[in-house]
Amino acid sequence: MKVQLIASTILEDPSWAGTDYVGDDETVTSADELAEFAGRNCYLSFDRPNPKTRENVDYLNHILDVGHESVLEHSSATFYIEASRSVLTELERHRHLSFSVVSQRYVDPTELGIHVPPAFTELSGSDADKAKEVLLDVQSFAQEAYEYLVHIFSDAGFPRKKAREAARAVLPNMTNSPMVVTGNHRAWRYVIKNRWHEAADAEIRELAGELLRQLREIAPNTYQDIPTEPYSYGG
């Protein structure tokens, strides 16, 4: 799996549009400070009147406590992700994210590779060998079937994209599906709070953990309440 942050919101106007907002210190990130500015705009509390929420970390902690997460929607983060088709299917259920995904009609997906489900690494000995053999056999068979179907449809006069459109029916869920995904921080928090959980699919849980790690680099106070270990039913 590959997960790489490629874009995020950066503040452009140090004067805060001529308002009376008193900016925090330079260590506060653009995403965290923009969320605070948006929240203070709702109540015109630009001068930080409450000492308990004077610092950005405390202000956003209060925002998270009361569920006023709309202020987190003003900043976004964009990731380049290489993961399986099954992860894409899971991730697309989060409808506030925006996707641009490699086309299986225009691109030969057999050249993109596969992603082995994490459960395979939990096997040992002969079980691991047998499981890996089955997986590789399926990959080989699917690739041969795909190429054969493309050949049949192409010889029948179908354009390449229509041939691939038909042939992709035999591709396994583990097929690599490079994607560009954008979401605001409220949306990303929703993804992580649902997928960074012991009961989640192992591959998307791995994705959620890596997303969390990188999102904390650009918005640490926005994600301050998310645990470093996956959520569990026990707490």
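Note that the numbers count up from 1, one per residue, in the order the chain is shown.
Glycine is treated like the rest: Cβ placed from N, Cα and C.
The range from 27-37, 93-103, 170-180 that Swiss-Prot describes as motif 'ThyX motif' is residues 93-103. Take the dUMP site that Swiss-Prot assigns to Glu90, Leu91, Glu92, Arg93, Ser103, Gln104, Arg105, Arg168: the candidate from Arg186, Arg189, Arg195 listed for it is Arg195. Among the candidates Ser70, Ser84, Ser86, the residue that Swiss-Prot names alongside Arg93, His94, Arg95, Asn184, His185, Arg186 for the FAD site is Ser70. Packing around Ser70 (FAD binding site) is summarised by its Cβ count: 14 other Cβ atoms lie within 10 angstroms of its Cβ, all protein chains included.
For the recorded site, Arg186 (FAD binding site), the DSSP three-state label reads helix. Calculated from their C-alpha atoms, the gap between His185 (FAD binding site) and Ser103 (dUMP binding site) amounts to 27 Å.
Around His94 (FAD binding site), taking its Cβ as the centre, 16 other Cβ atoms fall within 10 Å, counting all chains.
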